[in-house]
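Asker: Submitted below is the structure of interest, expressed as structure tokens.
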Amino acid sequence: MRWLLSCLFLVAFASCSKVLELTKDNFHSELKSIPVALVKFYAPWCGHCKKLAPEFTSAAQIISGKTNDVKLVKVDCTTQESICSEFGVSGYPTLKIFRNGDLDGEYNGPRNANGIANYMISRAGPVSKEVSTVSDVENVLSDDKPTVFAFVKSSSDPLIKTFMALAKSMVDDAVFCHSHNNLFVTPSDNELRVYLPKRLRTKFEDDFAVYKGELESNNIKDWIRKHGQGLVGYRSPSNTFYFENSDLVVLYNNQSIDSYPSGVKYLRNRVLKTLKDNPQKFKNLVFAYSFADDFSYEISDYGIEADKLPAVVIQSKDKKYKLEKFSLDAFSDFLNKFEDGLLTPHVKSEPLPTDDSSAVKKLVALNFDEIVNNEEKDVMVVFHAGWCGHCKNLMPKYEEAASKVKNEPNLVLAAMDATANDVPSPYQVRGFPTIYFVPKGKKSSPVSYEGGRDTNDIIKYLAREATEELIGYDRSGNPKKSEL
């Protein structure tokens with residue numbers, strides 16, 4: 001009886017599953033009949049795939065109750081290698097969006113059931129919604145995203161083609177709507193507006209901005225970026241697009257706009273008042289409010305304790321400046337000092353090392369310039385992370401190489417934990433370990449090391465590239481014979 005119930009349960013589960021499993025024999029034919037499909041390329045042994053599977057299945061179930069135009073699909077790359085190879089799948093799980101069988105792009109949305117469902121359902125309809133009555137306009141304006149609205153004289157207007165292409169490329173960033181009727185105005189030409197998210201409306205600024213530039217996609221996109229969040233936007237992990245490419249002033253606090261809208265509004269209004277009192281002085285800065293929990297890694301990097309919130313940080317190129325315990329007067333003074341170049345940058349750094357006897361010099365943010373930019377020394381730098389397995393394999397060999405060249409007067413081998421210290425410009429660390437060679441006389445142009453990771457590989461590289469020939473090794477990396 002138990003066996004029978006188990007079988008019935010499995011049959012019921014299989015029949016209820018809304019995830020389609022496709023193979024090389026039916027992949028293309030099936031996808032052509034699906035308006036919008038999210039395809040999961042996976043491997044059964046993959047841990048991340050196993051974690052995603054129940055969320056993916058639940059998302060498919062949610063979607064099936066709301067629309068027939070979106071389907072979730074899975075492909076087992078261990079048995080369907082040709083399909084996975086065709087779409088450049090190199091890791092698991094890989095998620096891609098298809099429209100009627102054509103690849104539409106990578107999936108960059110949430111990985112939980114509701115998030116996946118909402119993300120994909122939003123792609124089922126047209127990229128821009130047509131509005132025909134005045135009463136509909138307020139209804140389509142988004143509460144949490146900017147709404148970009150095109151008022152055009154006819155559906156054949158050239159603006160529509162540019163507008164639709166832009167809407168497709170910005171589907172994650174804004175809501176797009178258009179109308180062929182003169183709903184609010186009767187302009188002699190077309191009009192393009194961006195409306196603030198409803199939840200950001202205040203008495204301190206207009207609800208929308210009107211575009212005055214040329215009808216060129218990149219120009220319009222930059223304009224949306226500038227005006228879509230208003231003078232003080234609400235910055236979250238999903239909308240960082242609006243806060244890039246500019247000096248950014250972020251007010252962090254322990255209240256989210258979803259849980260404490262009145263508290264967020266109060267602090268935003270205080271910042272807005274400062275900006276309205278100084279409209280020209282701070283016009284080149286972008287301002288935002290952020291929920292501290294959404295950016296806990298930033299809070300940690302800046303060394304801000306919970307009892308110091310609300311706090312303000314200015315992110316300016318590769319430098320950061322922080323103000324703890326926000327007040328209106330302190331904030332205004334902080335901004336003025338930044339504009340006048342009177343602030344001291346915040347530097348994330350481990351303490352200076354007390355033991356300097358190791359062959360590999362320990363770098364922290366506070367001694368980096370002194371050691372690496374010493375014009376009398378060639379320096380090799382390893383940027384590592386404590387959790388990195390490749391780093392753990394490298395460091396004993398790197399330390400051995402350092403021991404073998406420790407008596408070289410013009411050479412230093414050093415290492416920095418890049419997760420515990422700010423990495424200065426122009427160094428770029430996108431993975432671990434990252435290694436640079438910094439010759440004397442060329443400190444502004446460090447060379448990325450792409451050589452082998454064994455002790456001898458490192459020594460041969462140093463012997464060959466050293467500004468001055470090493471005392472203990474020839475240019476080929478061979479040990480020099482001691483003179484009797």
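Cβ coordinates are placed from backbone N, Cα and C, and glycine is handled just like the others.
What you see is a predicted model, and the numbers here were worked out from it, not measured in a lab.
What Swiss-Prot records for C46-C49, C388-C391 is disulfide bond. Under the heading active site, nucleophile, Swiss-Prot lists C46, C49, C388, C391, citing similarity to another entry as support. Residues or ranges marked as site 'Contributes to redox potential value' by Swiss-Prot: G47, H48, G389, H390. Swiss-Prot lists R111 with the feature site 'Lowers pKa of C-terminal Cys of first active site'. Look at Swiss-Prot and you will find 338-467 tagged as domain 'Thioredoxin 2', backed by sequence analysis. The annotation site 'Lowers pKa of C-terminal Cys of second active site' is assigned in Swiss-Prot to R453.
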Asker: Same-chain residues six or more away whose CB lies under 8 A from the CB of R453 (site 'Lowers pKa of C-terminal Cys of second active site')?
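Answerer: Listed in sequence order: N393, L394, K397.
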Asker: Long-range same-chain neighbours of C388 (disulfide bond), Cβ under 8 Å, sequence gap at least 6?
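Answerer: Looking at Cβ-Cβ distances below 8 Å from C388 (disulfide bond), excluding near sequence neighbours, one finds F432, P433.
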Asker: If you count Cβ atoms within 10 Å of the Cβ of C46 (disulfide bond), leaving out that atom itself, what do you get?
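Answerer: Result for C46 (disulfide bond): 16 neighbouring Cβ atoms inside 10 Å.
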Asker: For H48 (site 'Contributes to redox potential value'), what residues in its own chain, 6 or more apart in sequence, show a Cβ-Cβ distance under 8 Å?
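Answerer: Within the chain, H48 (site 'Contributes to redox potential value') has Cβ neighbours under 8 Å at Y92, P93.
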Asker: For the domain 'Thioredoxin 2' (338-467), how many residues does DSSP put in helix, in strand and in coil?
Answerer: 34 helix, 26 strand, 70 coil
Asker: List the Cα distance (Å, whole number) between G389 (site 'Contributes to redox potential value') and R111 (site 'Lowers pKa of C-terminal Cys of first active site').
Answerer: 26
Asker: Between the Cα atoms of G47 (site 'Contributes to redox potential value') and R111 (site 'Lowers pKa of C-terminal Cys of first active site'), find the distance and write it as a whole number of Å.
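Answerer: G47 (site 'Contributes to redox potential value') and R111 (site 'Lowers pKa of C-terminal Cys of first active site') have their Cα atoms 14 Å apart.
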Asker: Given the recorded positions C46, C49, R111, which one's Cα is the least distant from that of H390 (site 'Contributes to redox potential value')?
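Answerer: Considering only the listed recorded positions, the nearest one is C46.
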Asker: Rounded to the nearest angstrom, how far is the Cα of C391 (disulfide bond) from the Cα of R111 (site 'Lowers pKa of C-terminal Cys of first active site')?
Answerer: 29
Asker: Between C49 (disulfide bond) and C391 (disulfide bond), what is the CA-CA distance rounded to a whole number of Å?
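Answerer: The separation of the Cα atoms works out to 26 Å.
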Asker: Return the average pLDDT for the domain 'Thioredoxin 2' (338-467) as a whole number.
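Answerer: For the domain 'Thioredoxin 2' (338-467), the model's average pLDDT rounds to 95.
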Asker: Going by DSSP, is C49 (disulfide bond) part of a helix, a strand, or coil?
Answerer: helix
